[in-house]
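Input: one structure, supplied below.
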């Protein structure tokens, strides 16, 4: 019988899986429209913003020990995505129709459908080995696609609008910098922070797949 904490994780991961599945279906359906490369935010943007905001709970899961995840890496990933989504894409309507949004949303949705289905089934201890392999392999392709031609390219494309409108000046002027300079600094640091997370995922992949192999032999 599942403990209360396991029931909670099962409910959380199942709802996230459902939400990201709906988002992925919306994105795929939008591809049938004449403006297919420009409709990803219009069709799935609000839902993805909600799912990303709710995923802050995962940093709390890490802090309280509900899941064996590092708090700092979890927070870095959540913070990077949330900044990209809520501070830039949601606030600058001109970038919402760019192909880089479609690339980002498609990569995020695919990876999250895989990840949350794996978490939910693992909680029930009925996760098939092929899904575990897929969970720790798909990121090799999806993560660089989502970050390079997705997130980083869109942030670069948003820079003229950020500079023109002097976004978030009331907040950033207190620190003697502009938000434009902050985003430029983020773009410079992004590859190094991304590489840290990417290498961590490879380390995690080796560990998880080795454990799976040992269980098979037993």
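Any Cβ shown, glycine's included, is placed from N, Cα and C.
Note that TrEMBL annotation is computational and uncurated.
According to TrEMBL, the protein has these features:
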TRANSMEM  7-29  transmembrane segment
TRANSMEM  60-78  transmembrane segment
TRANSMEM  138-159  transmembrane segment
TRANSMEM  179-202  transmembrane segment
Against which stretches of its own chain does the transmembrane segment (179-202) lie, if we need a Cβ under 8 Å and a gap of at least six residues from its ends?
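Tertiary neighbours of the transmembrane segment (179-202) are 73, 76-77, 80, 83, 88, 136, 139, 143-144, 147, 151-152, 155-156, 158-159, 162-163, 166-169, 171-172.
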Which residues, given as numbers and ranges, are at least 6 beyond the ends of the transmembrane segment (60-78) yet have a Cβ under 8 Å from it?
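For the transmembrane segment (60-78), the list is 5, 8-9, 52, 193, 196-197, 200.
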So which residues does the transmembrane segment (138-159) touch in its own chain, when a touch means Cβ under 8 Å and the partner is 6 or more beyond its ends?
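Beyond its ends, the transmembrane segment (138-159) has Cβ neighbours at 80-81, 84, 88-89, 92, 95, 98, 100-101, 103-104, 107-108, 110-111, 114, 180, 183-184, 186-187, 190-191, 194, 197-198, 201, 205.
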